[in-house]
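The next block holds one structure in the form of structure tokens; read it before the comments.
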Amino acid sequence: MAMARLDSVRPLFLLIIIIGAAGAAKKKRIPWWNLKAGQEQGPNACVVEEIPGKNWKLWTECKYHNNRDICGQKTRLRYECCGGFHQLDGESGCPGVNPMADVLQTARHYGAGKFVEFVEQAGLTNRFKREGPFTLFAPIDKAFERLSGDQRLRLVPSRQKNSTILLHALDHRVTMDEIGSDTVLPSLYGVDLRLNKYTNGMKTVNCILIVRKDLQATNGIVHLVEKILEPFYVVPGKSLAEMIQTDGRFSELAKALEGTKCKKKLQNPHQSFTILAPSDEAFQKLPHGKMERLLNDPEIREALLENHIIPHPTCLSAVTTKTNQRTLGKEKLEFDCDSKGVSISKQKMRNNYQLGTNGVLYMVDDLIFPQKAMSAMQIAENEKLFTFSHVLRTSGLSDVLETMPNMTLFAPNEAAMYTLPKEELQQLKENKEKARKFVMYHVVEGNLRSDSMAAGRSVRTLDNKNKLRIQVEMNAFGVQGAKLEKRDLGGNNACMHIINKPLKPPTESVETFLRSKGDFTYFAKGLGQVLKSFAHNGTLTIMAPNDKAFRELPEETLQKYTSDRKYMQKVSYFLDHDRLTLFCDPTLPKSSF
């Protein structure tokens, strides 16, 4: 077996390259070839997960493990001896047992030698060798590659100050199995450490990734961490609400929180949260007047604030793939990552965080809008109505719609927009006047939700020249012949319905339309007289028999139709809203319409 001995330099590793196991990983089932490889390693061999070409490793301390995608990069698995064991010549696996040592020797042995050097420089060697038990969170050597002068001074202070070495230690032994999903413990530095465990297997301390756990020592236990712990990430004795109130970067957020339920929750010492705190600059990016409209509506303000709060601590270092997390407002925020970092709802995040007594605060550069607080444009983009959004921008009406007190928008979906002739669609994207007319025909004043729609109801469009007819059949809703595929998407001043085809205003009369078709000459001949004699102020559906139907009539009947105006009325079919009125001669055919 190829195995790396921890106290030697033999770089012999077994690589397991996963092929086509994406489905297995999703189900969290270990594929047979990984099981087989693990069984072949012998006793006390544990998986090390790593990303090829990247200096990223995670010691799993288990024999069987899955290859995963970590932020879009496929991991590979190799084997080393589990903590506390080593190889013996001529034997498989790692049957040799390492002699127990103190926490400093243990940390040095497993790859935190530079940290131990700073412990010695800070004059803390005797304390960690002779006293205990301790839990040591020891940064691996990689963490010291780009050590700044300030970090060095905090680790080895020149005056009588506590070394930040003590921030990496607890005064008792704590294994990873003993901590919950969110555990707070006091460090020897006097600042709390927040330990978190996540369902993807990641573990953090003060949002720094723990890369190896539970290395047993004679006077404690050692966990290896990816980076150096820093005290300025912790705000001692302050809740998240107090942190926002006293931090000059969040004065607008502090004002928005005043008198809200969200503020009371962020003051609660018995529950932990993550708040994605918009900076003052984020509020200032809003169009003129929008911030006042949002914050002056108590319901929308609460929804906006809730959308920035997650009801448990979430450290960005633990994000490994795309996941959705529910906010206090029950909407979902999409967390994702790639080789460049983590994004939340497509907003790139900086690792700019602070820890309070009841959670973690991340500063964000843009507001994250819940649907209730979105403008029409934001809803359209959120629903991936890319083409309609393009036309809306071209029209120049997005700001106008945002300032309307209430309006309803019937937005064609992406497939519907591409049913338009190619030339017409291109003109809508480029010509402001054409785009403006198109958008205005899809907007009506007032908040028209599906629960207030009635069959046959007509609503006037924004251009004030046309009306749209609402259709309701069982639980299906339509407008002007287009089906409402997604209903009642509500924004701060908008109600949006997504429809399956574009709406077009009528450009000609029914009579002209039928004449242009060429197959309705008999019916069209008398239609003008019929419409004049049938007084009607609403909408009509005309069921027009084609010429073939007329030619099937007896010659005498056809002659009578073409010469007798009164008889024409008897063969006209009208659908008056939800009431069908038929005037027909029983001798006429009832097919071929």
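Heads up, the Cβ atoms here are built off N, Cα and C, so glycines get one too.
The signal peptide feature in TrEMBL is assigned to 1-24.
Residues annotated as domain 'FAS1' in TrEMBL: 99-229 (among others). Taken residue by residue, the domain 'FAS1' (99-229) breaks down under DSSP into 41 helix, 38 strand, 52 coil.
Note: the domain 'FAS1' (237-368) comprises 47 helix, 35 strand, 50 coil (DSSP; helix = H, G, I, strand = E, B). Among the features that TrEMBL reports, domain 'FAS1' is placed at 237-368 (among others).
Mean per-residue pLDDT, taken over the domain 'FAS1' (372-503), amounts to 91. Annotation comment: TrEMBL describes 372-503 (among others) as domain 'FAS1'.
If you look up TrEMBL, you'll see 507-593 (among others) marked as domain 'FAS1'.
Under DSSP, residues within the domain 'FAS1' (372-503) fall into helix, strand and coil as 51 helix, 39 strand, 42 coil.
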